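Here's the structure, in structure tokens; my notes come after.
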Amino acid sequence: MDLFGDLPEPERSPRPAAGSGGPLLFDDLPPASSGDSGSLDTSLSEEVKNEGKGAKRKASDEEKNGSEELVEKKVCKASSVIFSLKGYVAERKGEREEMQDAHVILNDITAECQPPSALVTRVSYFAVFDGHGGIRASKFAAQNLHQNLIRKFPKGDGISVEKTVKRCLLDTFKHTDEEFLKQASSQKPAWKDGSTATCVLAVDNTLYIANLGDSRAILCRYNEESQKHAALSLSKEHNPTQYEERMRIQKAGGNVRDGRVLGVLEVSRSIGDGQYKRCGVTSVPDIRRCQLTPNDRFILLACDGLFKVFTPEEAVNFILSCLEDEKIQRREGKPTVDARYEAACNRLANKAVQRGSADNVTVMVVRIGL
């Protein structure tokens with residue numbers, strides 16, 4: 001049985017993009033980012049529990065907590081054209097004493113991952129990390145998460161990439177968290193740092209979005225019918241006030257006060273935060289999958305320092321206005337398109353600080369092109 005064979009085919013647009021050959025907008029995507037895509041939640045453990053002819057796969061406790069959210073009804077065969085991806089970033093310390101955010105841009109790690117050449121043409125990785133209690137957890141995650149991912153990435157022929165990428169991501173997050181907690185607990189006094197993590201792993205034209213905490217990933221997609229760009233949420237925030245998160249925390253013996261774990265921690269999933277792991281805080285990410293289409297313009301990854309003062313729609317429209325600003329021209333030998341994306345990141349980060357965001361601000365924009 002195909003991993004997603006039980007899912008209905010996506011609806012097709014009556015007016016496909018000329019020469020694209022790729023999948024179009026799937027009908028279960030929200031019209032705009034609502035900030036809570038809970039209605040789209042679908043656990044991969046439910047989808048793969050029957051494998052082969054009636055064989056059952058047992059889901060581990062961690063997999064039950066880490067659900068894969070489908071941003072489309074079925075992963076279609078990718079277009080013969082692989083969309084190019086290129087990341088740009090800007091960061092501001094804001095009013096904080098220390099810059100505790102971290103980020104990683106790896107436009108092409110295909111050679112490092114050594115994927116099955118017959119199945120995968122390109123692998124890319126983009127991530128933002130929002131540290132709290134210090135910079136050590138976010139810095140550690142930025143330095144090690146992708147390295148662990150590369151080591152665990154599916155290799156060799158005769159494997160199903162679709163079936164193994166989620167396990168690869170789950171193992172990567174678990175291993176990275178365990179490594180940091182081991183190092184943190186060996187210190188005197190023990191480190192209490194923690195970090196969110198929002199990662200986009202692109203395997204050809206398929207995005208896998210793994211998220212812990214309240215940093216976010218947003219996709220800008222053009223709607224041909226409305227002739228407008230939509231901001232589509234690719235990640236799910238993890239706050240202790242959410243029902244499932246609160247129930248897990250309480251079941252583990254913790255509690256939620258004033259919207260925080262034990263009245264202190266603002267997020268319910270993170271890397272690090274060793275003192276809260278026994279209280280139900282977990283490093284198991286939510287994993288979503290999204291097929292890129294010819295109508296996709298860019299991906300925005302940002303920490304909550306941006307979204308405290310910008311809605312996703314406002315941020316996407318702000319970036320679009322920068323990309324259409326003809327005053328931004330080629331400079332320092334860089335093409336105009338690069339100059340505009342860099343300006344969009346810098347202007348958006350500056351505007352967030354001007355609007356009063358007291359937090360660190362990290363803005364990453366990933367350009368999607370042919």
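Cβ coordinates are placed from backbone N, Cα and C, and glycine is handled just like the others.
Feature list (source: Swiss-Prot):
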type     : residues   : note
BINDING  : D130, G131 : Mn(2+) 1 binding site
COMPBIAS : 46-69      : compositional bias 'Basic and acidic residues'
DOMAIN   : 86-368     : domain 'PPM-type phosphatase'
MOD_RES  : M1         : N-acetylmethionine
MOD_RES  : K188       : N6-acetyllysine
REGION   : 1-69       : region 'Disordered'
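As a whole-number mean, the pLDDT of the domain 'PPM-type phosphatase' (86-368) in this prediction is 95. In terms of local Cβ density within 10 Å, D130 ranks first among the recorded positions D130, K188.
Distance noted between the C-alpha atoms of D130 (Mn(2+) 1 binding site) and K188 (N6-acetyllysine) is 24 Å. All chains included, 27 other C-beta atoms sit within 10 angstroms of the C-beta of G131 (Mn(2+) 1 binding site). It is 20 Å from the Cα atom of K188 (N6-acetyllysine) to that of G131 (Mn(2+) 1 binding site).
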